[in-house]
Every structure is written in C-alpha cells, then in structure tokens.
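Visitor: Pasting in a structure now, in structure tokens, and then I'll have a few things to ask.
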Amino acid sequence: MVEILIAPHAGFCFGVRRAINIAEKASLLTQEGRRVFTMGPLIHNPQEVDRLRGKGVEVLSSADGLREGDVVIVRSHGIPPKRERELRRKGLTIMDATCPYVKAVHEAVTQLAKEGYFVVIVGEKDHPEVVGTLGYLEEAGGEGAVVERKEDLREVLGKERVGVVAQTTQNEAFFKEVVGELCLWVKELKVINTICNATSERQEDVYQLAPEVDVMIVVGGRNSGNTRRLYQISLSLNPRTYHVELPDELQPDWFKGVKRVGVTAGASTPDWIIQGVVEKIRELCS
Ligand code: F3S
C-alpha cells in the first residue's frame, strides 16, 4: 500500500482564500443585473477561474468594454494606483482583493523611496504584482530596478543607498543571494523582507518532504509562479518530481515500485483539485 504524504501547507493561502471570498460576494451582485469582472484571472488557476465564471465573474484583459456601474475586482496581486484611479473615474465599483502582504510591499517601496533609497525589487519583471509595486514606487517619486536574475544587479552598480524588497512569492534562497551580493557593493543597504509566510511555509514543506519520498507531485496552474518555484525546489532535491495541473495528467509509469509519494500544491490551488490528485495517485498505485 502506497503512503501518500500531503504537505501541511499545500494549497490556498490566506490572500487567495480572501480574494475568492470577495469574488463570491461580488458574484451576488449579478442578481441585481450588475456585471462583475476581474482584470485578468483572479488567481493563477484556470479551473478555479472557470468555477467563478460559472457564478458570473468574468475575466477581462482590458478595461475597454467596461461601463459605469460595472463591478471590478482587483486581484490579490494588486494594481498600480494610477490604474485604480482610471477605473474609478469610469464610474466602476472597485472591490479590492489585493492581499495585505502585497499591500505591505507597496508600503515598503513607498517608505524606501521617501527615504531616498534606490529601490531593488527582487522578483519577476512582468509579474502583475511587480507591475503594481512599480506603480507605487513611481507614485512615491522613487527610482528602482527589478532583479530577476543576478545579471540584473548590474543596473544597481554605483548606487550608494539601496533599499531591497521582494515579490511576496520570491524564492528565499535567491533573495538571500541578492542581498548577499548587494551588501558587498553598496555603501548603505536597507532590507525589508516582504516574502510572505505562505511562500516560505510552502517552500519549507518541500525542503522537508521531497528528500523523504520516492516521488513528489506538485499540483498547480502552469501560469502560477509560486507553484513553479515549488516544483523547481523539489526537483533540485528529488529528480522524480512532477508538476501537474489536473489529476488526469498523472502517468502510471511515475509510480512503478513506489512506496511513498509526497504531494504539495501552490498557493492558488483549490482543495478540490488536490483531493482529486490524491485519489488518482491511490488509483494508479492500487
Ligand atoms: Fe498573499 Fe502570500 Fe498568498 S502574498 S496572496 S498570502 S502567497
């Protein structure tokens, strides 16, 4: 009989759960004839986005088709303040599902900019959270750079006073590496660690679980950055690591002769998908 070990913090984080609750509440407004939208998918999980669509919460890629009275849910990633003002000017009702941990990054860059630091955001350049954070930096009149790879640090060379924050879902090891490099190069360094607990807890689970099992399954949207990072960490510890979005993607070959399987899931993966994956693993191993 195969043993399936589920990581203690697998699946929805506090911010995603909160965003979904806000979307569920917003969906009730469709009963009054209001149209409800999210700008881009609410979370990086296509199946959960489809479930909400079934309740009337549509996904928009641009604000062009919006009209007065429409309801727009700001995603947990947040948006630049300028963008929010534009939406309000259109007469839209804004329901803000920005995660409080993301708001803390906005506050951190605003504070650093006001104190005159050149701001380094350790994160993915095109990630909506980072785009939103850059908007707050601009609003505060600050200057900064996004560091996605070590090479990006070249932009920071020559700066005397540098403040560092992280995208909330950033890999802790990379954040440490960047901070370690910077403290050798700049005169004054101020670090505000804005990686949220949900990320570190999920990554810590993988460090513990992946070396202990024969096969590790990471469940989550392929467009979910935090899921992809869990996969990369797990793969570095256990070569038999697989990333799946849905139970049907599990292959019987992966489980031949296996005694222990570890399962974890990104912060945007709903429980019903994790349960489906666990059941399918049991079926394939029986
Ligand atoms: Fe918020 Fe962290 Fe989740 S920033 S949305 S609690 S991964």
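Quick reminder: no glycine exception, Cβ is built from N, Cα and C everywhere.
I grabbed these lines from TrEMBL:
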{"type": "ACT_SITE", "residues": "E129", "note": "active site, proton donor"}
{"type": "BINDING", "residues": "C13, C99, C196", "note": "[4Fe-4S] cluster binding site"}
{"type": "BINDING", "residues": "H44, H77, H127, S224, N226, S268", "note": "dimethylallyl diphosphate binding site"}
{"type": "BINDING", "residues": "H44, H77, H127, T168, S224, N226, S268", "note": "(2E)-4-hydroxy-3-methylbut-2-enyl diphosphate binding site"}
{"type": "BINDING", "residues": "H44, H77, H127, S224, N226, S268", "note": "isopentenyl diphosphate binding site"}
Visitor: Expressed to the nearest Å, what is the distance separating the residue listed as 'active site, proton donor' and S268 (dimethylallyl diphosphate binding site) at their Cα atoms?
Guide: 14
Visitor: Give the subset of the recorded positions H44, E129, S224 lying near ligand 1, defined as CB under 6 A from any of its atoms.
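Guide: If the test is a Cβ under 6 Å from any atom of ligand 1, the answer is none.
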Visitor: Taking Cα atoms as reference points, rank the binding-site residues C13, C99, T168, C196 by distance from H127 (dimethylallyl diphosphate binding site) and give the first.
Guide: T168
Visitor: What is the total of other Cβ atoms whose distance to the Cβ of S224 (dimethylallyl diphosphate binding site) is within 10 Å?
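Guide: I count 23 other Cβ atoms within 10 Å of it.
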Visitor: If you take the centroid of the Cβ atoms of H44, H77, H127, S224, N226, S268, the listed dimethylallyl diphosphate site, which other residues of that chain have their Cβ within 8 Å of it?
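Guide: Result: I43, E129, T169, G221, N223, G225, T227, G266, A267.
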Visitor: Between H77 (dimethylallyl diphosphate binding site) and C99 ([4Fe-4S] cluster binding site), what is the CA-CA distance rounded to a whole number of Å?
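Guide: With distance taken Cα to Cα, C99 ([4Fe-4S] cluster binding site) is 7 Å from H77 (dimethylallyl diphosphate binding site).
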Visitor: Using DSSP and collapsing to three states, where does T168 ((2E)-4-hydroxy-3-methylbut-2-enyl diphosphate binding site) fall: helix, strand or coil?
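Guide: Note: T168 ((2E)-4-hydroxy-3-methylbut-2-enyl diphosphate binding site) is coil by DSSP, not helix or strand.
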Visitor: Nearest to S268 (dimethylallyl diphosphate binding site) by Cα, among C13, C99, T168, C196 (binding-site residues)?
Guide: C13
Visitor: Quick check: of the binding-site residues listed here (H44, T168, S224, N226), which one has the Cα closest to that of C99 ([4Fe-4S] cluster binding site)?
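Guide: Going through H44, T168, S224, N226 one by one, the Cα closest to that of C99 ([4Fe-4S] cluster binding site) is T168.
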